[in-house]
Amino acid sequence: MSYTFTRGPVWKYSQSVQYGSHENIPRLSYSTFLPHFEFQDIIPPDDFLTSDEEQDLVLFGTMRGQVVGLRYYTGVVNNNEMVALQREPNNPYDKNAIKVNNVNGNQVGHIKREIAAAVAYIMDNKLAQVEGVVPFGASNTFTMPLYMTFWGKEENRNVVLEQLKKHGFKLGPTPKTLGSSLENAWGSGRAGPSYSRPAHVAVQMTTDQLKTEFDKLFEDLKEDDRTVEMEPAEAIETPLLPHQKQALAWMIARENSKELPPFWEQRNDLYYNTITNFSVKERPENVHGGILADDMGLGKTLTAIAVILTNFDDGRPLLSKRGKKNHPGKEYKDETIKRRGSNMDKKEDGHSESSTCGEEPSISGTPEKSSCTLSQLSSVCPKRRKISVQYIESSDSEEIETSELPQKMKGKLKNVQLNTKSRVKGSSKVKEDSKFALTFFASATQRKMLKKGMSMMECSEACDTGERTRATLIICPLSVLSNWIDQFGQHVKSEVHLNFYVYYGPDRIRDSAWLSKQDIILTTYNILTHDYGTKDDSPLHSIKWLRVILDEGHAIRNPNAQQTKAVLELEAERRWVLTGTPIQNSLKDLWSLLSFLKLKPFIDREWWYRIIQRPVTTGDEGGLRRLQSLIKNITLRRTKTSKIKGKPVLELPERKVFIQHITLSEEERKIYQSVKNEGKAAIGRYFTEGTVLAHYADVLGLLLRLRQICCHTHLLTNGMSSSGPSRSDTPEELRKMLIEKMKIILSSGSDEECAICLDSLTFPVITHCAHVFCKPCICQVIHSEQPHAKCPLCRNEIHGDNLLECPPEELACDSDKESSMEWKSSSKINALMHALIELRTKDPNIKSLVVSQFTTFLSLIETPLKASGFVFTRLDGSMAQKKRVESIQRFQNTEAGSPTIMLLSLKAGGVGLNLCAASRVFLMDPAWNPAAEDQCFDRCHRLGQKQEVIITKFIVKDSVEENMLKIQNTKRDLAAGAFGTKKTDANDMKQAKINEIRTLIDL
């Protein structure tokens, strides 16, 4: 059978319009996601702040109270110091007890019993967030005054006032002395409590002002010391570009910095936090790290590799002369299997007990002494000796095997299997001498020790016995795991010996003592999270790492996600976040990053919220200045348009984006209009009845069918019942209907958000009322609201036992069903094939990405590609890691006969891939989230691209796709101004969804 692609009416489209340049995780049970509470006698002070509505709080007023029992506790406070109020419901002397803690987590005392009796009810029922500041605290011996400020939702104001009145108290305005102290603080360099300036009297910044400040936040970083360039250690093969040398100098300066952290200064013998007025005798711990927020495609990975090899110890490189020592894996010698792997050898350092067997000569030009200076090793070595490279990986079918490693890295691979169950705890640091401190600052290992009955002293001693590790831990998404391996092989000289271990797969080595002696451990967020959730100690959490690097670090932006909690529990001397998008949705995205960097007092979410987030989002310019000062201290960001010495940071070829309008054929338009009219009538009824959100799955189903028709009528799914679950349905009928609805949502490509965490769905499950949530999120809701938990969207009763997952085999069935249908073309496929054939005629060597959210559509496109003689490859989320690597290698190959087309799913192509072999992108269907498109485009418009990049978006005229572009523009505007806009609450989110539905369906 032949296929003809002509300029006939079957592929009609209008003139192009240019609008700009520019793992396999095991299933977990319901109980897995139930919160495991330790220290039930203490309620964390930031518990109230975990609400999605935290930014809708208004100031109710202030009342004066007293802190008593000062002589019994070690915590001290200064004048005008902010303090945290924390409920202690299991206090044996007073069930209403409220602790007062200073910023460091040390207890100062308790709120006076009479006041606590009134306030405890308010805190327990989350009617208000109660915050404290001590106006005069420095010289008090027995009691001290305390101003308590109440913030809450407007609808709770009267309940709070009545509760206080019942106990003889009332709220008043914030004292002028407190307000004036704040206003004077910034002039004098001493900050007062950020909350004392009420939100309702603040001068609200306009949307344009906020947008401008957001745009400038990362781009206004003054060059000052950041223009200094530094050459990497001679172990680096690839010459660094000027902006990478600047980043290297800045990052090493940050790692070796002896400066005080932001907002700290020394006054006589004390160290003061100028924001909270807290002081300590001990010098605050330095922040050895930061955020490298360079734009996507500017070579952050190479910069990070240069830091690892250049700065091992106080400016000395990781490389030094090695002696005759045992191989770190000698104890597993009998279990060692050799196979081909990479072109880099293991390399050891004289400071560690690990070394290759026998004596290895040092690199030419390396001083004999291990105490050599950085400058002695900064020049590129003229002589190179080729020595085979060894990698250490776990053996497993899911691991990256020989065939999936880059060609440049084929060499000797030592594969170590481990059956031992030994554990060695790495050194850790107990931050404070109290259970409170352990609750908030201790590592997972410390808390588990404490839970097992060990005393705090024993816990501290046990965790401090480990030796200093040499290892850097790199955590990345699975999709870029192979890219890191490739980058090490490409950028590190072959004569350099590294102990490099990929911690991935079920047979991964779990011996923390052995892991700590490697140079580099590479793993994924999913593996880290999985280990963190296991009953035994996670080996990665048992080590105090030399350095932890988070690639695509914005992955931890959701503070409630298990993934974020797993990352925050890691112990390390130095910490780095690599991300091109540090703020994706709103200012709250930054807290997890700052918490990871261990920047006190922002480790505690309450202080972040009181000092930065709330002031900024309510338009307080002081809060904005604090945020800018903080960001400028710990962040380096350059965009593709940034300039160094008058020249662009990266001279990339131009990127052009075109919209190619498509006109549906008469048959396609008829089907489209029929489905639209039927769905429009049903949705109209939902609006009339006020049940549109209760039928949200049905609405998504309609939108999905319309989008599928725009691509190909074969994608059209079966119609769904517009009614919800019926009481007459049998359990099996109900299950089938719910699974069908869930499949529609999961296959819609909408990147649908969970209404609880407001993030993309992870471990999606569907309730009996047909709403889809993240499994961890909905399980926590059910647990906290037992026994009468209600759906967050429709308020119907829900139960953990009734949550349904979509079995992978059912999704596979749908795919098989599609492949059995007789193939035919569509208007979009005709337009694509015409463009590809025309492109091949002009230049047969040009490579293209064909991108779609629908993997079944990509399968349909394969047929005409084969018929027209195109050599192509494919990359989508259903492929195993080995297949992904092979596909990328084939596509990046420049030899004759290599694929000129890659069929790419939008999600698989959104993170970390380097596909700069392609210079043409054809986006077959628009995404709900425009950022997802931009990330995909940056896979080829990045460092290494030599040709002009042309992107073509296929959009069907007079269709839901055109309306999606309108919503995309709205989302772009919101993203640009998200820095200063208020975070949407649940009601705003619902209304936004309703408005989007009206726009999409033309209601």
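Yeah, the Cβs are placed from backbone N, Cα and C, and that goes for glycine too.
Swiss-Prot gives the label phosphotyrosine to one of TYR19, TYR93, TYR195, namely TYR195. The C-beta environment of GLY299 (ATP binding site), restricted to residues of the same chain at least 6 apart in sequence and closer than 8 Å, consists of LEU241, GLN244, LEU943. Long-range contacts of the motif 'DEGH box' (551-554) within the same chain, counting only residues at least 6 positions beyond its ends with a Cβ under 8 Å from a Cβ of the stretch, are 291, 300-301, 304, 474-477, 480, 484, 577-579, 581-582, 584, 589, 593, 596, 911-912. Listed binding-site residues: MET296, LEU298. The one with the lowest count of other Cβ atoms within 10 Å of its Cβ is MET296. Taking the centre of the Cβ atoms of ASP294, ASP295, MET296, GLY297, LEU298, GLY299, LYS300, THR301 as the ATP site, the nearby residues of that chain (Cβ within 8 Å, site residues left out) are GLY580, ARG942, LEU943. Rounded to a whole number, the C-alpha distance linking THR301 (ATP binding site) with LYS112 (SUMO2 cross-link) is 55 angstrom.
The motif 'DEGH box' (551-554): residue composition by secondary structure is 2 helix, 1 strand, 1 coil, according to DSSP.
Counting only same-chain residues six or more apart in sequence, the Cβ atoms lying under 8 angstroms from the Cβ of ASP295 (ATP binding site) belong to GLY580, ARG637, ARG638, THR639, LYS640. Note: the CA-CA distance between ASP294 (ATP binding site) and LYS112 (SUMO2 cross-link) rounds to 51 Å. Mean model confidence of the motif 'DEGH box' (551-554) amounts to 90 (pLDDT, 0 to 100 scale). A 10 Å cutoff on Cβ-Cβ distances gives THR301 (ATP binding site) a total of 24 other Cβ atoms nearby, all chains included.
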